[in-house]
Amino acid sequence: MNTPVHIPATSCRDTPILKERGQREVFCGLTGIIWLHRKMQDAFFLVVGSRTCAHLLQSAAGVMIFAEPRFGTAILEETDLAGLADANDELDREVGRLLSRRPDIKQLFLVGSCPSEVIKLDLARAAQRLTQIHAPHVRVLNYSGSGIETTFTQGEDACLASMVPVLPGTEARELLLVGALPDVVEDQAVGLLKKMGIGPIRVLPAPRSSDAPGVGPNTVFACLQPFLGDTAAALERRGARMISAPFPFGEEGTTLWLRAIAKEFGVDDATFEAVTAAPRARARTAIANASEHLRGKTIFFMPDSQLEIPLARFLTRECGMEAIEIGQPYIHKGLVGPDLDLIPAGPTISEGQDVDKQLDRVRAARPDLTVCGLGLANPLEAEGLTTKWAIELVFTPVHFYDQAGDLAGLFSRPLRRRALLKLEERA
Amino acid sequence: MKLTVWTYEGPPHVGAMRVATAMKGLHYVLHAPQGDTYADLLFTMIERRGHRPPVSYTTFEGRDLGEDTAGLFKKTCQDAYDRFKPQALIVGASCTAELIQDDPGGLAETMDIPVPVIALELPSYQRKENFGTDETFYQLVKALAGPVEKTPHITANLIGPLALGFRHRDDLEEVKGLLYEMGIGINVVAPFDATPADLTRLGAAHINILMYPEHAETAARHMERVLGIPYTKTVPIGVGATHDFVAEVARICGVEPKKDISRLRQPWWSKSVDSTYLTGKRVFVFGDATHVMTAARIARDEMGFEVVGLGCYNREFARAVRQLAKDFGLEALITDDYLEVEKAIEDASPEMILGTQMERHIGKRLGIPCAVISAPVHVQDFPARYSPQMGWEGANVIFDTWIHPLVMGLEEHLLSMFREDFEFHDEAGASHHGGHSPKPAEGGQPPAAAQPRRDISETEKHEQAATLTGTDVMVWLADAEKELKKIPFFVRGKARRNTEKFAAERGVTEISVDTLYEAKAHYAR
């Protein structure tokens with residue numbers, strides 16, 4: 001029912017944040033291209049960078065690279081570094097060649113990288129110039145996915161934020177859902193809201209550029225992901241207003257997220273209850289089954305995607321886990337504040353990373369489960385710790401009611417496996 | 001600028017990481033922005049290493065740029081030394097740090113680090129991963145290996161094997177075995193599992209076994225010049241090459257070329273009657289130069305294939321590959337652009353591809369069987385089981401690996417005998433091509449002729465559309481079309497092309513059964 005959620009006396013909202021700098025074992029924002037290009041069907045992402053950038057995309061994209069993906073890297077060569085005028089001509093030529101080969105492309109993103117930013121190649125101006133050349137067929141935008149500016153999922157934020165200023169204006173009162181989710185999840189979210197009579201509902205990013213949502217003073221928006229701080233700010237600059245809520249992970253998170261929107265649109269309790277009762281019950285059952293191995297277990301989050309705080313909230317409150325440290329690459333309290341409110345004080349909240357020091361803390365705490373990147377997972381397993389590799393949480397459908405059990409399952413599987421395997425010699 | 005999606009090689013600092021990760025007691029301090037740590041996962045995931053690569057990244061950010069990135073480098077260097085206490089450090093810059101022009105070598109020199117610090121100059125905008133491995137190992141050898149007394153009995157250094165190397169782990173065991181049989185001991189293996197202290201003892205060996213020219217040729221030349229150690233030029237991949245290798249080592253060391261070939265099964269397997277069907281199979285070979293050159297010889301001389309295309313992606317070895325291609329009557333394809341490789345494969349229309357991970361996917365797209373012979377490779381090519389490429393066991397492994405994707409003789413015979421049978425119908429595909437085989441026909445009925453054709457046929461159609469235009473358009477008479485269907489599907493494409501080519505050359509526009517068989521007779525080999 002509409003009972004207020006229990007708010008702990010002291011929550012993590014007030015916990016002082018341990019801020020660290022040093023070596024960071026994280027991806028740069030270029031990685032966001034891997035899932036964004038799947039979502040935006042008429043967009044191409046052209047990284048202007050080095051062989052390292054191309055190699056990173058190749059390593060992160062795995063077998064996807066063989067499926068004619070809509071991204072690529074314009075690799076800077078020695079001649080491009082000599083003079084800036086050349087680099088612009090070269091870029092225009094490569095873009096011309098690309099667009100003539102791929103006439104289906106309607107949006108082209110020039111994605112900045114560390115090398116392109118260090119040589120101060122002005123991709124914003126290049127985007128303007130190329131938009132003029134290729135108008136009206138193709139619009140060219142630019143954003144930075146460089147490691148010196150962005151960490152992993154921040155690449156999506158930078159991309160969406162670059163689109164906001166050029167979205168059409170509207171006076172309509174519309175709900176805008178922000179963040180790229182797998183279609184199946186997005187459909188569930190839209191379906192639930194529609195059943196409550198909420199609409200019209202638009203999404204950012206839209207699957208095709210012709211469906212781009214309008215934005216204006218009557219727009220209200222809700223973020224589907226916690227890493228969209230710049231996009232939220234850009235929308236607010238266009239007069240839109242954010243609906244603040246915990247993120248839709250688990251039964252509780254999804255309910256609170258939906259409830260915040262329902263309240264904004266004046267949905268009555270009976271309707272809300274009628275729409276959500278069945279999927280809530282389903283989610284609770286699924287979580288109960290999947291979280292059997294999680295109860296009472298400790299968890300340590302190394303920073304990766306900014307999903308860590310909402311996920312820690314889900315795992316501690318709905319799956320009975322105990323968080324030791326929750327690390328995020330960057331903490332935007334305006335977005336994850338509601339999630340922090342729900343986590344009782346106790347765990348260390350850390351922002352940024354000094355990886356060797358953080359690993360020392362992991363080893364000292366010996367958590368039952370450590371959430372970390374692929375560069376750290378096997379080395380920690382070899383030390384006898386159980387890990388869950390974090391990048392999967394970004395690619396797999398995990399939001400909303402019907403994925404809640406799967407989400408708990410992603411964390412319980414490594415623990416079940418550890419219990420299952422009988423590989424050591426027995427005395 | 002060059003637009004690319006797939007790269008055969010990473011940047012040169014990844015090559016340096018491969019050397020550092022292969023070794024013990026060495027640490028690499030890399031001036032690099034946040035995100036370059038992605039390369040760690042190549043080692044922890046693809047090679048499944050249970051430790052982090054010994055690399056510390058400075059992880060500079062945008063806000064550090066106008067400030068003290070040099071200070072950040074020195075701090076990282078000091079922290080890395082204090083924490084890991086390595087026997088030696090290598091320092092260098094990744095592509096972005098190369099642009100900001102801090103000088104890692106110079107900076108490290110001003111510090112008080114009590115172990116050798118070796119600076120790497122790796123030009124990221126000109127050179128690639130294999131240059132990085134070769135140069136890094138050379139710099140290490142140059143800095144650490146001095147003249148030392150030779151070992152009393154004959155010993156060899158095995159140089160070249162490193163981290164993320166295609167089958168390096170097992171090749172090493174195989175080559176050790178070959179040397180053991182000749183009574184030659186091992187002095188140092190490097191970089192694989194070697195420490196910087198081990199590198200100081202390199203000079204004690206009587207011979208260098210250059211296992212992978214891509215990764216250690218410069219170091220081998222250096223040691224020949226400075227330490228007077230001769231090195232082997234033959235890479236022992238394949239039966240013939242292994243015999244040659246043993247002879248070469250025996251000659252250099254003045255020992256008897258003793259060998260134990262009791263477990264070598266490849267020659268008999270290749271001679272046995274079931275392998276007759278391999279004769280003249282048209283293969284396209286692409287990869288790194290060393291593996292391509294050895295594979296081409298095996299393909300022709302030890303498997304009885306016809307090599308119809310050959311090339312490599314590492315330009316450093318272009319000359320040698322061109323020379324070899326000439327011996328095969330071919331023009332070598334030297335490129336790092338996979339689209340060019342794909343085009344060359346389409347043009348050559350081979351029956352099999354020997355290549356890298358990329359060629360595996362090209363093969364999948366074109367419906368051509370493929371076996372992997374060279375890096376870059378994915379996780380499945382770092383197997384748990386023993387699977388060398390070198391030496392006698394390597395020859396056995398290679399035979400099995402190459403023929404698995406092909407339909408073997410007996411199976412091929414059965415397929416054509418029972419081709420109307422529901423299990424062996426045209427659409428069933430080759431049995432080892434699982435990922436590509438179409439769904440079984442519903443209800444066990446033979447598929448209707450209207451069923452969509454497989455990719456290869458689509459390609460065929462495109463080719464036809466492309467090559468046969470205007471007045472060249474051929475008409476297949478019904479009888480000929482029916483006869484063509486009787487030819488096993490995996491050679492049908494070639495039969496169709498050959499017949500059309502034959503007809504076109506003779507100005508024939510209608511293809512009859514007779515045309516089909518005249519063409520067959522014409523192209524018979």
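Each residue, glycine too, has its Cβ placed from N, Cα and C.
The [4Fe-4S] cluster site recorded in TrEMBL comprises A:C28, A:C114 together with one of A:C53, A:C159, namely A:C53.
Its own atom aside, the Cβ of A:C53 ([4Fe-4S] cluster binding site) has 32 Cβ atoms within 10 angstroms in the protein chains shown. A simple way to gauge crowding: the CB of A:C28 ([4Fe-4S] cluster binding site) has 31 other CB atoms within 10 angstroms, across all the protein chains here. Note on the domain 'Nitrogenase/oxidoreductase component 1' (A:28-378): its mean pLDDT in the predicted model is 95. Its Cβ taken as reference, A:C114 ([4Fe-4S] cluster binding site) is surrounded by 34 other Cβ atoms within 10 Å in the chains shown.
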